[in-house]
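Trainee: Take a look at what Swiss-Prot says about it:
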DOMAIN    10-204  domain 'tr-type G'
REGION    19-26  region 'G1'
BINDING   19-26, 81-85, 136-139  GTP binding site
BINDING   26  Mg(2+) binding site
REGION    60-64  region 'G2'
REGION    81-84  region 'G3'
REGION    136-139  region 'G4'
């Protein structure tokens, strides 16, 4: 059977379910696909299909994730659901499944629990921009006052982590009843789909963002000058435009005098393309792998930042022993390793394999960075952790 062609007729948005264990994330995921496939087409996915999540690797880390897709009235959604709490943490820190918004599932029977808080905090740290709340298991709570109390608690928790708690949509529903086809509860899933469409704005596509190309290789071509190669991460580079070379050394400006792909000359290079960029008047030894080409002023070099880090367990090929303050591994950003030292939060003496931790990192060389940039932690080329820049400091 030939693969059917993917028709991109609606805007595409990435979302995921987050929340405490057993609050109904996977049941809700199944209910969304089931209810929406009846109304807007697409295929329903059963609970056990989603729950048996396949293993995938992201930045050397094994994560179990289930990917489902569905249509709402106005959009196409790719939705990620993770079976285990550790999988969520890894997923959010590595950015394996980037989310434009998240559906926070809270059981009305329990209210917010420790992982509810942890997922909201992680969402804030790793840059999940929007959260919608699905108050689940409402069929099991008769007391209106209790529901209002739980709602208030959730709003307070969101506000505590700088999400707009008072304005966050909260849908009261029952994922199980909706999955069983009860029309009263099915309508709540439709309500949720409407909030997904209206509350999560369409993200800015990579091609519309300021130009950025992480440099992978540098060549000198006699009679033509210096060419850098790499995959355009964001934006567009046109022949004749000024660019900055940022990171490791002092920032310099130059002009793009040519763009080529597969030995053909182009007028421009776009996000997602592997290109060679010819630079005017730049010497081969002035540029190195690990720097970036960028639109002038759009990104700056930094050495010190706060980060959220997941440390690989021994089973994942990570360290067998804990590390302490003063630990100096390499931090792998985009295309290169830079040595750095760490500071642990007050009262924390050591970090065990399998932990996730907030740490402040100081690099020996500056790297072009902004909040949300992902990195790996390595020792002699072996990945021992994954992290995300939560706040640039210096």
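Cβ atoms are placed via backbone N, Cα and C, with glycine included.
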Trainee: What are the DSSP helix, strand and coil residue counts for the region 'G2' (60-64)?
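Mentor: When I sort the residues of the region 'G2' (60-64) into the three classes, I find 0 helix, 4 strand, 1 coil.
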Trainee: Under DSSP, the region 'G4' (136-139) has how many residues in helix, strand and coil?
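Mentor: Helix, strand and coil residues of the region 'G4' (136-139) number 2 helix, 1 strand, 1 coil.
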Trainee: Ranking the binding-site residues 25, 85 by other Cβ atoms within 10 Å, which is at the bottom?
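Mentor: Sparsest of the binding-site residues 25, 85 by Cβ contacts within 10 Å: 85.
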Trainee: Under 8 Å between C-beta atoms and at least six apart in sequence, can you list the same-chain neighbours of residue 22 (GTP binding site), or say none if there are none?
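Mentor: Within the chain, residue 22 (GTP binding site) has Cβ neighbours under 8 Å at 107.
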Trainee: Provide the number of Cβ atoms within 10 Å of the Cβ of residue 138 (GTP binding site), excluding the reference atom itself.
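Mentor: By my count, 21.
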Trainee: Sort residue 22 (GTP binding site) into helix, strand or coil using the DSSP assignment.
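Mentor: Coil, per DSSP.
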Trainee: Residue 82 (GTP binding site) to residue 26 (Mg(2+) binding site): how many Å between their Cα atoms?
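Mentor: Cα-Cα distance, residue 82 (GTP binding site) to residue 26 (Mg(2+) binding site): 8 Å.
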Trainee: Across the region 'G3' (81-84), what are the DSSP residue counts per state (helix, strand, coil)?
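Mentor: Going through the region 'G3' (81-84) residue by residue, I get 0 helix, 1 strand, 3 coil.
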Trainee: For the residue listed as 'Mg(2+) binding site', write down the residues of its own chain that are at least 6 apart in sequence and whose Cβ falls under 8 Å from its Cβ; none is a fine answer.
Mentor: 17, 47, 50, 51, 66, 81, 83
Trainee: For residue 82 (GTP binding site), what is the tally of other C-beta atoms lying within 10 angstroms of its C-beta?
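Mentor: A 10 Å sphere around the Cβ of residue 82 (GTP binding site) contains 24 other Cβ atoms.
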Trainee: What average pLDDT is reported by the model for the region 'G3' (81-84)?
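Mentor: Taking every residue of the region 'G3' (81-84) together, the mean pLDDT is 84.
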Trainee: For residue 19 (GTP binding site), what residues in its own chain, 6 or more apart in sequence, show a Cβ-Cβ distance under 8 Å?
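Mentor: Those within reach of residue 19 (GTP binding site), by Cβ under 8 Å and sequence separation of 6 or more, are 25, 104, 105, 106, 115, 116, 119.
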